[in-house]
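Heads up: the structure comes next, in structure tokens.
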């Protein structure tokens, strides 16, 4: 055994001793510190403390029994010892290095022919053989031992087994101290048995790991072999060759349509791909780039439908109204038919939410037979979403238009850009500026995506944008689009939409049959006027869905099921049976189990002559549960509801009669649910909106005005009252959360009123003495805009002259400081006139006063908007200059 000696004096003593004729030394095991576990691995600090011990302290730490060992070789601090026999230390001779007197120990006498000793030794040898088969390290130790120790005997066998085992040092010390050969053999047997178990565990672990590693290596080698075989047979090429062939096949099919500059880029990238290693990052970038270039539909256009009448039918089928939008699409189709080909256009649909801006885009695509693609730019703050990323970035992708063309597979789709008025702006640039190139007819024929880096022709794409407020769109972008305003729907338009579109679709989605429910016209009218006064119909759709959900729940509670029909027949009865069987045939095999649970058949026993048969009707599980919890006996209840079928001795007649009874029970009708104005609240709750009219007869100083915002038109009142009177201190106070423009309009109106009153009644000092308070309810709603000037002037003059305005009258118009009335709306004058007219109709106004310059807008309105026959309203336009309606 090789031992490292760290004590220099001890090492020097061993070197000197090795030069003698009898180079021997004593080897003793050091005891562990008290309170420590001998099985626990200790740090080097404890080893250092042992080397620090000298003399008697070191002697106390040594076990009494050790080994007389021969010094065979010393190399540096490595001393190789060969054990000979046992010794016991008796007394100390020298302290440094430690020299002790010893007694040489011999084994106790034993009988070589003892059966126990023989059996134990044979078992030790057998166990050692098993260990040697699995542990190659032991073979070397056996060879070394046999070379130095000669023949085996029982004591040496025990020592050998303990020596080569990797047992705990204290267990080996027990073997060393044991002089009884039989006991020593038993101790050694325990040690080698433990080594055998460890060897088996080691073999099991090695086998598991080897199987795992070998399986992966085998699979890898087989895959590589398979690739090599396929490559030799020409069945498969390597990755780069296969990719190149795939890309070439793609581009070959569209080579005639692909632009020359794109073909050149593809060829360059294919050549570059062959030179790159498949494991490099540049390889994956080039592969993805070629994938996009070869998948785009270069000059691949879908066949368009230029049939104007067919397009008209499709547009009318999907949407009611929207005449200006439909007319513009039909014009687009007509121009395309005369030219023989169509060009791309940029159309912007503006209007309040829920009027059908987004859904009309899909209908336009269907009418034109174009592919449809929609993406929303609401909140978009990254230019790369429009123009694409540079290919140098990790995870780079093309912009939305390249993704669109790849998705639809044609170069002339209809692209709906939703919420274009809600574009964001962040640190990544201004998307609105990036859209200038995309939505410019002169530039998008050569649209350059940062990722593709080749021009894309978007001149054939029909762009349809949607917006709620076009004032939020930057002017350069707005200039490139053709604006089509979509105003809100009036009551009769909402009635048509609800009846012909919303109710029909909702009924089908809810699984309700038309004969099971009826929603009357007065219910729809009440729903529109009291719950859904918005310009659009989205809220109306939600309320109709709510009604049909309530109806569906009510029908299900009544036991109605609109699922697959169930055929119920009764098996023919035989005279020799005491009862007849009921067989249920179900069209759907999967519903057999559920039908067995949901139906129960109760047949009273009958005699063999079939003279009395009572049929109990089929009941659902819920009905049974209800009957079980009711006070009435379920059997008696079923008997009351059951008609006696027959009393006869003929089995066939009994069978036919029972079948007719069962069919009658299966065809049990359910009462039709009717929704009208009286019970509408049971389905949608209390009315949300009340009439916007506060006064039946407007008092002095109060005038109704007309307002407009992105949600549509509405009416509001302007109220003026006296505050206090003081000579020469006429003033005006305004409230109602008015904006700066509206406050300025109030000051202008106050100045104009003083001039008008001075002209009409020179002796009336009303405005010179009184402090006035002008209020616009409701106070919690912010308001701003110039078109209330005319209404403010009328309100103040009504108070000054003590006269109320005409009943059921509303007005709008901006007033200048000289008293002129300017037109309303600007670019959206037609839209504002329509929305304000609709709002006036909703409030029961019979006379509307518009500026005379808006007459052309009013004349363009549809007749159903100008003349409200259902409300008895006549709308007229008056010139609002210096003649005021008082």
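Each residue, glycine too, has its Cβ placed from N, Cα and C.
A TrEMBL annotation is a machine prediction, not a hand-curated record.
Checking TrEMBL for region 'Disordered' across the ranges 29-48, 49-68 points to 29-48. Calculated from their C-alpha atoms, the gap between residue 353 (ATP binding site) and residue 787 (active site) amounts to 23 Å. Annotated pair residue 836 (active site) and residue 352 (ATP binding site), C-alpha to C-alpha distance, rounded: 13 Å. The average per-residue pLDDT of the prediction over the domain 'Lon proteolytic' (697-886) is 80, rounded to a whole number. Comparing the recorded positions 358, 787 by how many other C-beta atoms lie within 10 angstroms of each C-beta, the top residue is 787. Within 8 Å of the Cβ centroid of the ATP site, not counting the listed residues 351, 352, 353, 354, 355, 356, 357, 358, the chain contributes 349, 466, 468, 486, 535, 536, 538. A distance of 26 Å separates the Cα atom of residue 354 (ATP binding site) from that of residue 787 (active site).
In sequence order, 322, 486, 487, 488, 489, 535, 536, 537 are the residues near residue 355 (ATP binding site), counting only same-chain partners six or more apart with C-beta under 8 A. Within 10 Å of the Cβ of residue 354 (ATP binding site) there are 21 other Cβ atoms, across all protein chains. Around residue 356 (ATP binding site), the same-chain residues at least 6 positions away in sequence with a Cβ under 8 Å from its Cβ are 319, 322, 486, 536, 537. Shown are the recorded positions 357, 836; the one with the most C-beta atoms within 10 angstroms of its own C-beta is 836.
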